[in-house]
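Pulled from TrEMBL, these are the features on record:
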DOMAIN    A:540-655  domain 'STAS'
TRANSMEM  A:139-158  transmembrane segment
TRANSMEM  A:170-188  transmembrane segment
TRANSMEM  A:200-218  transmembrane segment
TRANSMEM  A:253-274  transmembrane segment
TRANSMEM  A:281-302  transmembrane segment
TRANSMEM  A:374-393  transmembrane segment
TRANSMEM  A:405-427  transmembrane segment
TRANSMEM  A:433-453  transmembrane segment
TRANSMEM  A:465-494  transmembrane segment
Number of protein chains: 2
Amino acid sequence: MTSLPMRVRDEEGNFHLEDTNQNERSLWLLNPPNPPPLGKKLISSLKNNKFFLSSKNKTCHQHVASFLRSLFPILSLFGNYDAFKFKDDLLAGLTLASLSIPQSIGYAILAKLDPQYGLYTSVVPPLIYAVMGSSREIAIGPVAVVSLLLSSLVQKVVDPNVNHDGYRNVVFTVTLFAGIFQVAFGVFRLGFLVDFLSHAALVGFMAGAAIMIGLQQLKGLLGISHFTNKTDVVSVLESVYKSLHQQITSGEWYPLNFVIGSSFLIFLLSARFIGKRNKKLFWLPAIAPLASVILSTFIVYISKADKNGVNIVKHVKPGLNPNSVHQLQLSGEHVGQAAKIGLISAVIALTEAMAVGRSFASIKGYHLDGNKEMLAMGCMNIAGSFSSCYVATGSFSRTAVNFSAGCKTSVSNIVMAITVILCLELFTRLLYYTPMAILASIILSALPGLIDIREACYIWKVDKFDFLACIGAFFGVLFQSVEVGLLVAVSISFAKIVIQSIRPGIEILGRIPRTEAFCNVSQYPMATSTPGILVIRISSGSLCFANANAVRERILKWVTQEDDELKERSTNFQEETTRGSVQAVILDMTNMMNVDTSGILALEELHKRLISRGVQFAMVNPRWLVIHKLKLAHFVDKMGKEWIFLTVAEAVDACMSYKLPI
Amino acid sequence: MTSLPMRVRDEEGNFHLEDTNQNERSLWLLNPPNPPPLGKKLISSLKNNKFFLSSKNKTCHQHVASFLRSLFPILSLFGNYDAFKFKDDLLAGLTLASLSIPQSIGYAILAKLDPQYGLYTSVVPPLIYAVMGSSREIAIGPVAVVSLLLSSLVQKVVDPNVNHDGYRNVVFTVTLFAGIFQVAFGVFRLGFLVDFLSHAALVGFMAGAAIMIGLQQLKGLLGISHFTNKTDVVSVLESVYKSLHQQITSGEWYPLNFVIGSSFLIFLLSARFIGKRNKKLFWLPAIAPLASVILSTFIVYISKADKNGVNIVKHVKPGLNPNSVHQLQLSGEHVGQAAKIGLISAVIALTEAMAVGRSFASIKGYHLDGNKEMLAMGCMNIAGSFSSCYVATGSFSRTAVNFSAGCKTSVSNIVMAITVILCLELFTRLLYYTPMAILASIILSALPGLIDIREACYIWKVDKFDFLACIGAFFGVLFQSVEVGLLVAVSISFAKIVIQSIRPGIEILGRIPRTEAFCNVSQYPMATSTPGILVIRISSGSLCFANANAVRERILKWVTQEDDELKERSTNFQEETTRGSVQAVILDMTNMMNVDTSGILALEELHKRLISRGVQFAMVNPRWLVIHKLKLAHFVDKMGKEWIFLTVAEAVDACMSYKLPI
């Protein structure tokens, strides 16, 4: 205890002045304005909700104009748009269409729908999004993961092989619900729900889904006639093996499917590889799918290979999107399940679209309002459900192509949609001889972009728990089903939050040399602790029922341990110890966001037990809610107002000067 | 921007010196020792687990002695125990027994077991606890809430009215599982699991359970022959009304039951009231139940009231606890359910015992090791399940009597157990004529202690969310069932933790006058902010997937809003604004416990967007794990080491001096 008196004597000169200041600060600390009550908070968050109307002083006319501009961002194009921009958008749109048409047909087959529904989905949603959405690069249409999700979930409700029309009607109903949920997310500012699928979980989920989508393509690639409805890897491989074995033994297997599919797959992957290496050749992977379709269709038509067992698309219904309002099933047995699937699809679709939209907006340096995007996505899916489309969203691969092709505004989506319309009106008959294996290889060639091993390694390196969510989602999707994978990922993510929030750790703080800052002594080994004074910080965000008792016991154990060790040392070695026993415990509450009644009870108990041991207890910098609750619970009166400080340094000084007389 | 240059000039004198120090501190911040890896943490927590063996340098003999003393705290009595202490314990034990005997019989009936099983449960568990437990006051035996819990859960497995022996065997099996779980909690230091039932939830649960127990007593008090097996308030009241109506109309209702029961209830409540008012008369409520039993039994015996429809206990099997090892059902259909019920009972029993034990230990000023207590409770219940006892724990009401009667050590439990043994051996026949209504009124008279309206009001005042858990547990127990009540309470409590942890709030900080401390400007209206510099703190404990995007958007919105306002003001009023637009954002990370990969992504995005707007971004005092992860993710390199500071004040100074040249 040699350093104690000296230190205080040093500061004694200006101690009284300091003291006055400190008293004033204590008053500030103890008498803050009341925190806004719960009701008021809710009201203010609801007020924020009217995001269309800015509350600035504008005339009615200005209000309407700003409302319309906010709802239809395309309006703000007028005046800025010129021929040069249109030329860029036209080129980008055409490139996009050449990729969209084959992909849409492939994804429709993946969703177990007829090919034309994929094309329909590339017409109406992109047009709606182009006028309502604020992203300039995003390419709208059917995507692989949502198609897989829909087919794997809806086929549990209605079997597409048994009741094809019923299945399709449920898909439209799901699309309607997905749109409604997306609009609701946007209007009620529930965009944060999309964030519940963490980045890590998304990486795992996408990789798992990609593998599953790839496995589904084995049907087309190998020309298998019987395929399982299950989506887990074991069932699919088993079914592929059995069917293949049976078809080969019965002589019904035609290797030509595989030959065509795999040779074009090699071509597509090479194009992709070249396009990646040489950014100027970005158009090569973009038009390669359409080129493959045309080429292979031509080959099959010429060689009459369909007579030799090559599976072909056959009839694609010509004409524009038919009306599907009367096919929506808003009553009946499947409504509840359709709504559930709609919710899952809405979240997955939004997650993909937001990820895509945000990353490209960030490259171009503009801001994407999540809630408005959701509104636009919702409207386009509702409109889609009325016009024979299934759930559309922003596609990773096509958006990248759109961006590389130099699109300037969402007009490129309009160009793409018009091209698809032309295709639907004029060229569907040409698709008759397109081999299924080509569609499978087009989908397969797009999958590597969904598997991001580098990112998984990065996640492993940075956060092991995040990696657990990632790998959980991956294996959940792979070995169980899409929903299980999502559930596992979300559960692990939330379990992590709970565990971190209630971890009853405590940290010992010490003074960083030449500052007034007190930090964790393990993190800063150079930090010095004051003899006899234990400065403690709780390493969790709230002192609540789940950790309060453990924290209290740890602090008490620390105090008693230090005392016992000292006793033992002094009896064993019969010497004066240089460090005093613990005379004061200072609890730094800076990082404690909240406290509940169990936490306050634990603090009361801690205070009582420490005082009964002759140890002073001080609190530092309790936050707004915490000091408010402590005052309500009369704990401030119990422990004495003079033992609550604004900074740790003040508390240490006060504890030292208090202990001096003894 | 008038104050900027002046301020810097003020400090310019010692700026270079400051700078050197600051560089050194930045190095400390950026190069901390590596945090212990996850594996090491687990190992060290497992090492802590060997709580019997203290690692001090002792001989083998000392080790064994300390191990034994730790396992059997009664051993440390030898040498300290004398005749005076024994006199106190004897008196307390006898008082306790006079309360225990009638209560035990009543609780056994509540648990739908024969009366003697309650008495058995007051023999073996108290004896085991007396040698193994470390609480000196706690009174062990059957308690109301656990009895209710057992009967309501086990009767769903086996109906006691159909298969009386089977029901009893399941109860013993549940007791064994409860004991095993309690031992496991103790050995693996899982004591924190008991804390998952928060204080608020416990208050609500206890009140709900008390009302349900009270309703169950209507059977005995009113002399109803048919009673429902359901436990929710609606079913019970309906059943009471129907049975009563039917019995009255058929002339089978005997009001004498009610007359006896209610008159003795008034007597018991008066005794309780007097005992509470006058602490010296504590023995009055303690012996009143036994006195009532003796008196009422005598009256019934004399008046032959049982012939007039008064329900009596009838045969109570004499003799000590029979062996019940062979009645345990460790295989068969009910094992899984027995284990589940055992887990729930173990948690509820421990929660009650720990609450009782801790509060009395705190009054007497000694420490109760939760894990050792769990071990003792577990052993006593395992032993109990072998000797025809059901789940025993520490009782609120009897512990208070034991304490008031002046018990000194757990020897009072031994005295009580011996008294119950004598009763079982000699006096069971005397219980033949005891009216059931008396047992009901004894239980009813103990219930008010379980309903704590004052505490509920306090919870409402301090923490509305806690109150929600409290009221949720209360109504869940009352209108559904015990498990639903527990589930509701635990779910609400955890939902609260999650919501608080991921709330994407941000706080603007300002400098507290005459200090270096930066605090929330809403909490401290006198705090001053520096023009052009936005100091922000995130008001949640971790920046994770669920809040990272929202936090990023809020910060960006704040920055753009302030800019837009300034622009508007300067165009509207054509004047120089005194406050500069935001030139730097300082993020105080003191309270951020953790960050995940989504959080790091959001920080990167925020940094990029701020820099692209020409706004400098600085971080202050990231914690150990956070700086470690940021370094692993190369974010520190991206944002520049020179923009990470130890204190907000340093960051503000650096931002000001950086902006000066412009």
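Just so it is clear, glycine is given a Cβ too, placed from its N, Cα and C backbone atoms.
Because the structure is a prediction, the values reported are computed rather than measured.
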**Q.** Contact ranking winner - A:170-188, A:200-218, A:374-393, A:405-427, A:465-494 against the transmembrane segment (A:433-453), Cβ under 8 Å
**A.** A:200-218
Q) When only pairs 6 or more apart in sequence are counted, do the transmembrane segment (A:170-188) and the transmembrane segment (A:200-218) reach 3 or more Cβ pairs under 8 Å? A) no
Q.
What residues elsewhere in the chain lie close to the transmembrane segment (A:281-302), defined as a C-beta under 8 angstroms and at least 6 residues from its ends?
A. 95-96, 98-99, 101-103, 260, 264, 267-268, 271-272, 274-275, 310, 312, 401, 404-405, 430-431, 433-435, 437-438, 441-442, 445
Q: Between the transmembrane segment (A:200-218) and the stretches A:139-158, A:253-274, A:374-393, A:405-427, A:465-494, work out which stretch tops the count of Cβ pairs under 8 Å.
A: A:465-494
Q: May I ask whether the transmembrane segment (A:465-494) has at least three C-beta pairs under 8 Å with the transmembrane segment (A:374-393), counting pairs 6 or more apart in sequence?
A: no
**Q.** For the transmembrane segment (A:465-494), sequence-distant contacts whose Cβ falls under 8 Å of one of its Cβ atoms, 6 or more beyond its ends
**A.** 148-149, 152-153, 196-205, 207-209, 211-212, 231-234, 344, 348, 456, 459
Q) Can you give the mean pLDDT for the domain 'STAS' (A:540-655), rounded to a whole number? A) 82
Q: Mind tallying the domain 'STAS' (A:540-655) by DSSP state, helix then strand then coil?
A: 67 helix, 16 strand, 33 coil
